[in-house]
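Here's the structure, in structure tokens; my notes come after.
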């Protein structure tokens, strides 16, 4: 682009249209190449969703197959007027929110520790990642039997050592139990993302800061944290998406009592214990709508961060 | 990368070949003889059956039996889908006592009444009458029990002697509660009771308690009775007993967890399935073997309060090999099968609680002398037609045979678990439960 304004000549216009045609051709070709993948993913993701919407309009209990009939929005009425949905939404927000925040804070702490050079760092890192690699169901069983068991669990044994009495975790503190276990499991995930962020930070900037007389805390607050912001945001988003689907610890430890009946557990209960396909589908559709709503807002802020990232 | 790709291709090729081969094998076998497909829960007794199927195949040349083992939930889904769609994949299925009457009434299971009656050597009258009642609808028997159980009170004789206590053969709940409070020490709990939310967990023993307190899930017109005074009194009693003398952290506990604590000598009493006795008496896994005593389920206003459960064999109506399937069902539940299990696998592994004659086999009586007499006695005295004080419109003790019950039972159990933890009162929990139960009751009218 030059600073003077030029009147385009006929040849230039011709060239431009030619370029336009070539561009269009190219675009068409790329679209054709993408099309099969697009069709495939539409069939794979959208058709089941449409079927789910159709199911959600049916009166269908698996053990009464002779009474399947069209019921319009009866199932949605149950979702919104019944006693299940709001407490479950609340439980989901509490459990997902607290676990994400706690695992993020712990993850940041461990990432900062692991960012330092020390003997055996590789081993320490591997050990720290382990909780994330254990299968969720197996991890929940380990927590139930080895850690939290009221008679032989290690946590209660440790409490006993410092003179405290044993805690009946699943009975008295179900929400705390689930949050504890999820935080334990997702801290390594947060730590990995934040560690990547820390290691991408330029050493020169940190050196310059220390030359200018900034202490470690001020360096962290004013240099490292702003640099980590993008990483924190992506970790929060991915963590929330994964934690929204948390199911195993609830099914194995608390069975949905005491405010641990999250949307994913409620959905399972409607479908496989209630055997009510219609109602489960309605709950599923509403859950998807809520999740899309939350994710859109979160994604939009996140993309804003990516676009304006350099400016901030 | 390349190696990985090659491996993948190799793997895919293998899968295809295996599929093709198994297809051929299936087709080949069918043209000469019958292959029965049996869908079953993966309980130890069923695994024994699979181990012994060779004897049946030898006695009946031309019939092969193929076992498909699944978890309980998967089995239910697979069988309902198969039967409802009429695919006829399975020839024999194992069905729990809760579902037999429902599936029978739906017309999903073959009526076995005449086949069983016409076979004199099978001796259908030998099957325990309460179990037969639980598996029949309007006089038609839809399944045969493979093994069955009731609930009993198990207690540690040593702990009772140390505390100077005795217990009668038919204790009342009040006596048990008083003993439990005395026996509850820092070292061991007074009693272990299930607190894990679930219709088959917490509500199996709790429903029997409610019934002996005079309560019931529904009256004879399907009106829910969940917040009626008797129901509330029963649940209050159970929750109070747990709080004052029960194990710690009850919401974590069901059959397996209580069994562990009992075997480790951490609890003095336990009210649960009679099958537990055979495990507690095994010195390899239990510290309390030989120290346990067994009495009838505690009562209050009724004479008996044990529950009734059985795993059964049934033939889906869609089976294409019904004759061979019936032959196998009869073989696996016959007197000869019990002899076969005893002689080849050991007498303690004979499936209990299905036939009266099991309890007169001398070797079995000797091997299971600690708990066999009481099991037979309890199983013969429970009444699945009317376990509580009032008549009920279904047959069954610790469950209601309507499709909605597992859902209702689960939700109310979650509410009661909140009451156990003290987050709500029993009355508040049951008021909410009443609404849930009534919605299901309305569908029965």
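Here, residue 1 is simply the first one shown, and the rest follow in order.
Note that Cβ sites are derived from N, Cα and C of the backbone, with glycine treated the same way.
Here TrEMBL flags A:89-298 as domain 'ABC transmembrane type-1'.
What TrEMBL lists as transmembrane segment is A:33-57 (among others). If one looks beyond the transmembrane segment (A:33-57) by at least 6 residues along the same chain, the residues whose Cβ comes under 8 Å of a Cβ in the stretch are 70-73, 75-76, 277-278, 281-282, 284-285, 288.
The transmembrane segment feature in TrEMBL is assigned to A:89-114 (among others). For the transmembrane segment (A:89-114), the list of distant contacts is 121, 124-125, 128, 175, 178-179, 182-183, 185-191, 193-195, 197-198, 220, 228, 232, 235-236, 239-240, 243-244, 246, 259-264, 290: same-chain residues at least six beyond its ends, Cβ to Cβ under 8 Å.
Sequence annotations record features per position, and here TrEMBL assigns transmembrane segment to A:126-145 (among others).
Residues 92, 95-96, 99-100, 103-104, 107-108, 136-137, 139-141, 143-144, 177-178, 181-182, 186, 189-190, 193-194, 196-197, 260-265, 268, 291, 294-295, 298-299, 301-302, 305 of the same chain, all 6+ positions outside the transmembrane segment (A:231-252), place their C-beta atoms under 8 angstroms from a C-beta of that stretch. Among the features that TrEMBL reports, transmembrane segment is placed at A:231-252 (among others).
The transmembrane segment annotation in TrEMBL covers A:272-299 (among others).
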